[in-house]
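Noted in TrEMBL for the protein shown:
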{"type": "ACT_SITE", "residues": "K33", "note": "active site, proton acceptor"}
{"type": "ACT_SITE", "residues": "Y253", "note": "active site, proton acceptor"}
{"type": "BINDING", "residues": "R129, M301", "note": "substrate binding site"}
{"type": "DOMAIN", "residues": "232-355", "note": "domain 'Alanine racemase C-terminal'"}
{"type": "MOD_RES", "residues": "K33", "note": "N6-(pyridoxal phosphate)lysine"}
Amino acid sequence: MRPARALIDLGALRHNYRLAKAAGGGKTLAVIKADAYGHGAVRCAQALQNEADGFAVACIEEALELRQAGIEAPILLLEGFFDKDELPLIDRHGFWCMVHDPWQVEALERAALTRPLKVWLKQDSGMHRLGLSAQACMAAWQRLRQVPDIEPMVLASHFARADELDCVRTREQAEAFAQLSAQIPLPTSLSNSPALLGWPDIRGDWSRAGLMLYGATPFPAAHPQADRLRPVMTLESQIIAVRELPSGEPIGYGGRFVTRKSSRIGVVALGYADGYPQFAPDDTPVALAGKPGHLIGRVSMDMLTVDLTDHPYAGIGTPVQLWGDQVAVSSVAARSGISVYPLLCGLKRAPRIYIDSQA
Ligand SMILES: *Cc1c(COP(=O)(O)O)cnc(C)c1O
């Protein structure tokens, strides 16, 4: 069997959820959209269901998958509904709904509901992606609170740059939100992972933790809070072939790397079709049987190559960790010039194997 696999440690996931909840102080939704950032939404929800205050997903398709798997906890649709035709299903399953646009307010006013529908009102406090202006938010609240089966529940907003710890925009967004929240007597929700970890004085009643649940840091440098997270995913494979080459020999597609001395090269069964970045540069870190090593040459679809010259113990069958507890996924992302979010979400083909370090 091909040795490429992603171990998913559900014990580490629970550990990270507890850190998020302690950091936020109030209630915390576990954000498990995009198949839990590549970790498997159903398994992650099952692992958290006894402690999470609820879950958040991007769309009703993701929410239904969780309900069909027996998850009964509250589920917030972060973008609400895309079409009013979703309202009967939202009603039937009791999903919570973000409201970010006046057309959704109108649709809710006209909806035929069988029970109270809880809505979160979203203010655009400065990110300018989704959300109502302060004025439109006020108007939406005035209207929706008069609709018998609609229950405005939380006032929310989202940060654009909370991962930049010296960026004044986060403070400005929090102030714009505080101004509106002084006029709308609802519980509040502001913080995503970078805000929970890096902006301890900005808090609300409900946090929305995504990335940090999976043990990855949103920050480019070491950070005392982020460093307490435990990585949930370990992407690993094995060496399946070894080459001994003299100096001056190119390796792999495009001959990007050329040996500068007589070298030992290991071929690892894992490539970009598994979600590893195709353009990870030479010297991107890997761990060879637990020891620090590095990649050389361009990553192929099914394989990549590592330098074994200084690792005489390594040979066919040696385990190679691409990211996990020995290689921070954020360092692989940074070396490759991409964000850690798409790197985790992009896991493909390599089967997920679930373990539980605390069970
Ligand atoms: C994805 C998302 C989150 C979670 O963000 P992280 O940075 O992964 O913690 C929170 N709120 C909203 C609205 C989101 O879309």
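Just so you know, the numbers here start at 1 and follow the chain as drawn.
Quick reminder: no glycine exception, Cβ is built from N, Cα and C everywhere.
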Overall pLDDT for the domain 'Alanine racemase C-terminal' (232-355), taken as the rounded mean: 98
Sparsest-packed among the recorded positions, when each Cβ's other Cβ atoms within 10 Å are tallied, from K33, R129, Y253, M301: R129
The domain 'Alanine racemase C-terminal' (232-355), counted residue by residue under DSSP: helix, strand, coil: 20 helix, 45 strand, 59 coil
Cα-to-Cα gap, K33 (active site, proton acceptor) vs R129 (substrate binding site), nearest whole Å: 18
Distance, Y253 (active site, proton acceptor) to R129 (substrate binding site) (CA atoms, angstrom): 40
Y253 (active site, proton acceptor) to M301 (substrate binding site) - Cα separation in whole Å: 11
